[in-house]
Amino acid sequence: GAADFSSARANSLIYMLKRVGLKLTLFLSLSPPPLPQVNVCWPVGSVQLPRFTLLESGSLLVSPSHLSDAGTYTCWPATPEPGVSMFSARTRITKPPVDQSVIKGTKAVMSCGVTHDPSVSVRYVWEKSGSVVDVSTSPRLRLDPDGTLHLSQTWSGDIGTYTCRVTSVGGNDSRSAHLRVRLTSHLVEISLLVSHSRAINLTWAQAFDGNSPLIRYILEVSENNAPWTVLLANIEPEWTGVTFRLCAVNDVGRDSSARRTDRLSLPEEPPSAPPQTVIASGRTNQSIMIQWQPPPESHQNGPLQGYIIRYCLSGLPVDCQMKNITRPDQNNLLLEDLIIWTNYEMEVAAYNRAGRGTYSHKVTEWTLQGVPTVPPGNVQAEPFNSSTVRLTWSAPSPQFINGINQGYKLLAWEAGQEEDVTMVTVRPNFQDSVHVGYVTGLKKFTEYYISVLCFTTPGDGPRSPPHRLRTHEDKPGAVGHLSFTEILDTSLKVSWKDPNEKNGVLTGYRISWEEFNRTNTRVTHYLPNLTQEYRVTGLTALTTYTIQVAGMTSKGQGQLSSSTISSGVPPEMPGPPTNIAISNIGPRSVALQFKPGYDGKTSISRWQVEAQIGIIGENEEWVMVHQLPNEPDARSLEVLDLNPYTSYRFRMRQVNIVGTSPPSQPSRKIQTLQAPPDISPYNVTLRTASETSLWLRWVPLPEWEYNGDQELVGYRVQYSRETSKEGVLSHVISDRLEREFTIEDLEEWTEYEVRVQAINGLGSGPWSQPVQGRTRESVPSCGPTNVSAFATTSSSILVRWGEVPQTDRNGLILGYKVSDRGSDSVPQYWEVEGNTSHSVQLSGLGKYVLYEIQVLAFTRIGDGRSSRPSILERTLDDVPGPPVGILFPEVRTGSVRLIWQPPAQPNGIILAYQITHRRNTSNSNAATVDVLSPSARQYTASGLKPESVYVFRLTAQTRKGWGEAAEALVVTTEKRARPQPASRPTVPQEDVQARSVMLSWEPGSDGLSPVRYYTVQYRELPDSNWTVHSASVNHEASSYIVDSLKPFTSYQFRVKATNDIGDSEYSQESEAVTTLQDGKDIMEMRLTDSVALQTRFPKPFSNLINGVLLGFRVRYRELQYDRLRSFTIRTINSPASNWAELTDLSKHKRYEIRLSVYNAVGEGPTSTPQEVFVGEAAPPQSVTIQSSTATQLDVTWSPPPLDSQNGDIQGYKIYFWEFQLQNETERLRTMFLPELGVKIKNLTGYTTYMISVAAFNAAGDGPRSPPTRGRTQQAGPGAPSFLHFSELTTTSVNMSWGEPGQANGIIEGYRLVYEPCTPVDGVSKIVTVDVKGSTPLWMKIKDLADGVTYNFRIRAKTLTYGPEVEANITTGPGEGEPFISRYGTALTLHWTSGDPGRAPITRYVIEARPSDEGLWDILIKDIPKEVTSYTLNLDMLREGVTYDFRVIGVNDYGYGSPSAPSPSISAQKVSPFYEEWWFLVVIALVGLIFILLLVFILIIRGQSKKYTKKADSVFIPQLKPLFLLVRPQGSDSEYEVDQNRGGQQKTHSFVNHYISDPTYYNSWRRQQKGVSRPPAYGYTQPEPLHPQPLAEQDPIQPTTNTTPRHPPPLPPLPPLLPPGPLSIPPAPGPPGAP
């Protein structure tokens, strides 16, 4: 047949491609290798061979074919056409894509392998469901050069049929494959139906299988926003809000977006579990504290409404009582008004709105013991002997004991002395029904009242009715006051008194006597009971007898009282013991040996030892320390009960029947040995000082209790936790006067037990009674344990934690605070009240944010430390927020370029961005969508229409899906500009809050470039600085809420808009807007008295008031260790107040105080709590001061009234200071004993002191008493403050002095003594001058010798003289003072030149003045400069006037400073002495004396002859001679001259004249050899009396003492004056004399 090569197998292929419209025809030619190759070519349409036919289609038909036809055939057009090529192979797909099933998010690869001619270019086109796939639009798509298509991050949008089309000039081909993306399954809807409280029906539609067959469903449940858990088949019923979700599972996995149901609250049921940890403890004898914890949250079955407490008597079929607590957060209750010492059963149950739950297990507890309410019964009492009473009784019924019977107290007291009770304690006897007891040590034959009581630990029960009885009689004691009188040779009288201890009814007395140590001579008589004296007769003279007397009762003879006496010799007072020696000195005892003194002729009945203790001195007090009776032969004794390490000096007395002897000579001073202290510090108190310290106070030991060297005395403080005796710590305080100590480094909120002991160099004393104290509550020192966090949603985290360790709680935990801190954010706190909840759901958190979570506990003091380490937990991811910061920096008429920033809330990892843009007027279906990579931040859109508005929408994608889109408009134009400013912002008043306002504005023109965002600024008035509040306000907004403002503050606001071109101008400023008021400060407190507290606080800062301050609120409550009481509120309505007084507080209680402020809106937060201890303040009472000496004041006071002492007073503090000098002189004297007086010594004499007294106790110092004034007595004054000399001349000096620095009294005057340092003319004249009064403070001394050094001493006088101050001065012309010499009627003035000044002296001027006028006048002038003396005649002066002179230098500049005045000199001319009137008077007086002497001698001689025979002796009266008035050296003769009479004395006494004249004294004294003796009457020129005023007269008359070198014996002179004291009237001295 014919061979058609179109279908035959061929070795080679020839393709011919023709233009579109030509038919392609394939010819095949078989060319076997062994056959020769035949090349046949035929042009199309030109084949005309017989077997070869050219068909219409261009195919060549060979029919029939032969073997020789084999070969290669080539066909070509007869005339080749343009565009026709010839190829050797056809293009076709040899590796087509295959169907695939991939998991969402993985990668899919679609291959498309092609075979083609190497010279042919192949083009690959992929189509999905008929649409061309553009790989350039998404980064997830990639097309390899070999045609392979890669799809990454596959998702459901990639599902479909993909076709690979290959086109080339060598042929076209296409192949298809299906891509399936498998997802997790997805539920559509779940419905719930509650069938009953324990069952729920869930139904749901068939789930989407996610392109994979479903395997199973998972049902999960979440309770109260807890993490999802798989619901088990045996699920327990839940009674709170429940949410379910159903998850479908295929081979890919669980549905991550499982459909959850709406929150479902199941019907409440009563709690299914009882409260936990129920404990009870007895608090008082009628109350029990019961505590519990809430049921587990999973068993509460609804919000708790409260608790029911059921309690009843244990073991008795009685009805139970109920207590309803309506607060679910209360977890304790104090059951009160219970029966004393009774066992109770208690149960607790919680309840909610559905009803009461189950009761807890029963707990039993006893109320504390009480005191018995009935006395013992059948009490019988009878005397057992003279000092013992026997009692019998039966025990009270146990139901009335109200506790554990601790025993019985047997009481006995005398009638009328109920406070002095003798008590005997008897242990209980539970075997016998009748109890027996004895009260011993009673007085004999005394009437008593007897009673019995039963007691328990808390105290005593009532006494039984008293029985009255009398103890038995007994022998009496010794008779009193045995004495002897009327002692004769053979008889004496014995007297006595009744015994002090009769011990019964006296029936009589027995008296006996016997010779000393001869019992066979005893004589005994019995006397009636009324006889108390007896005359003993029949004695032998001068014989020693022993006499004994004893009382008699029915029980027999009493104790004998005896004494010895010698008949005929009356007893006398004994003499003192002698020869006292000391030995065996111990800490508390010494042995004394002595020799008895004179016994007073009778026996010694008692030895007495007295001692000086501590302070030894002649005037110190002697104290009786020991007595030894009835040992007349004793020669030594031991003195006991002495104080260790104390100085003693002893003396003894001996006592006989007459009396006590004088004391013996004191012994030597001894000191007892040291010993440990005998007592512990007392009044030990313990107070809370801080969270870690306690304040311990005690009263120090008095000095006499040191028992050793005071430098080694101190105290040891021992403290430990009360609940644990381990870890006992101690501290030694070496200061013996210390009375307080702060124990540091303690645990917070811990009970401690403290005790104190005294120590010295030898050992330790006893411990004080332990005291307990608790440190102050503090904040917890660490956070809760086992903190965990679990993210439940994209905006919530569940936090759980455990307890705070017990040792770190430091107080009562009131709740917890959970803090969460995101990245770059402020921590946010979630408060959980109560210490029972240990979990909290944090909601409203940022999505996919890593949070740092910590938990802390807080007490009433504040927040504790946060838990460590911090827990890091990230919220779940979610769809992202919109991208931000969209701008169009480049806008053209046909294209735009936009930029953006990632979303502010990415809420996960950004996987891609999607941009959609369309014309604002077109349908959204015509939008262009592009997906960009997550790193893209810009995009260019082209092909836009000019002058058109386009909407661009930009959204981001996380693994949760595409998020919210951000839209932006843009106009395709090049005519853009900045926007116009917005309108003036307005703030409606209804939108003004305390911390925020809402602004509103109208946008301006956008300048053909839409606004991208707004910026809001504000400023606080009157401040002018603008502050940006937000620079990212949404471009579509026309209002904005400005927050974080200050309350009650004025603000202004302004707004600006921003578009792609730039910022607009700011809008006009809004009107001033004032925010509303909103509703903190510290305080300090001062204790005022025992039941009132004064709270002081500073005024809050104005910026914290948030409005107009209206007042303050003070909250206070009593602090208790086991619970917290509610606050009492005190409101202070005055904003100007800074203190508040809290009254009606309880004494000795701790109080917590907080302060807050409030305004018109509300109240601010409270301040940090402050703690105070109320009470313990005690003012002293009336203070009196008695001046005892010049350096001591005795201060006494009365203690505070008992109702205001508020504790034991430990001592007093005495503050004293000089009047009006408190700051400079205040001193303190502290007394550590509650004595009521003190002697303040070492004070300044005659000084007014102010004294104030304050009492102190364990809590501190009380207020001071009002200052009381007192003044010390006068004392000797201090030395004058200075001694100064002026106007020194050759014979005079002006001396002045200052008042004493310490007057120490009223200055009555001064005593001046002066004398030459060396004798003048062999005589040392001592002059003493007394100056009356405190003024004047100067004196002119005029009787000095020229060129002699004098010693001046002066001292002041009050009651006595004080110390003196002294100085030396040498007479002579003063520096620059004129010196005057006188010759007859001429005076010569001498001077020396002074400082010439700035020019030479040209002349001198002499000025003069009368001494009594004081006015200077020029006397001589123009004296040449070379002259230094000048002589003037007395005729120039007025006769009889005293003048002063001075010299003045003169130069070209004028007069210089004058010299010091010269000594005053009289202008009286000198006359011969024999012409003076006084000389004539002296001669007349001398003559008169001789005449009188002659007359007296004659009279005496006549009288002596007349009486020679009338008497054996004649008394001749003699007059004291005048010279007896002269004192020898070293004696003082002083007298004071009345200043008012000193210048008015008119009489002139002969005696006074000579007494005052120094020459008179010298005339009676013998001069030493070689010294010329001045004549008795020398020639001198007297100075006349000058007329000076009274004020110028010398007010002081000196008394002179002239001491001769060799005073001669006084010659005998006949008497001139009658006997008696010589009265010498004062006489005025010579004119000008000092």
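Cβ coordinates come from backbone N, Cα and C, glycine included.
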Per TrEMBL record, range annotated region 'Disordered' [choices 258-279, 566-587, 1050-1071]: 258-279
Stretch-averaged pLDDT - the domain 'Fibronectin type-III' (478-572): 89
Any contact, the domain 'Ig-like' (82-182) to the domain 'Fibronectin type-III' (1179-1275), with at least 3 Cβ pairs under 8 A: no
Highest-contact recorded stretch vs the domain 'Fibronectin type-III' (680-778), from 981-1078, 1179-1275, 1279-1374, CB pairs under 8 Å: 1179-1275
DSSP helix/strand/coil residue counts for the domain 'Fibronectin type-III' (981-1078): 3 helix, 41 strand, 54 coil
Counts of helix, strand and coil residues, the domain 'Ig-like' (82-182), according to DSSP: 6 helix, 49 strand, 46 coil
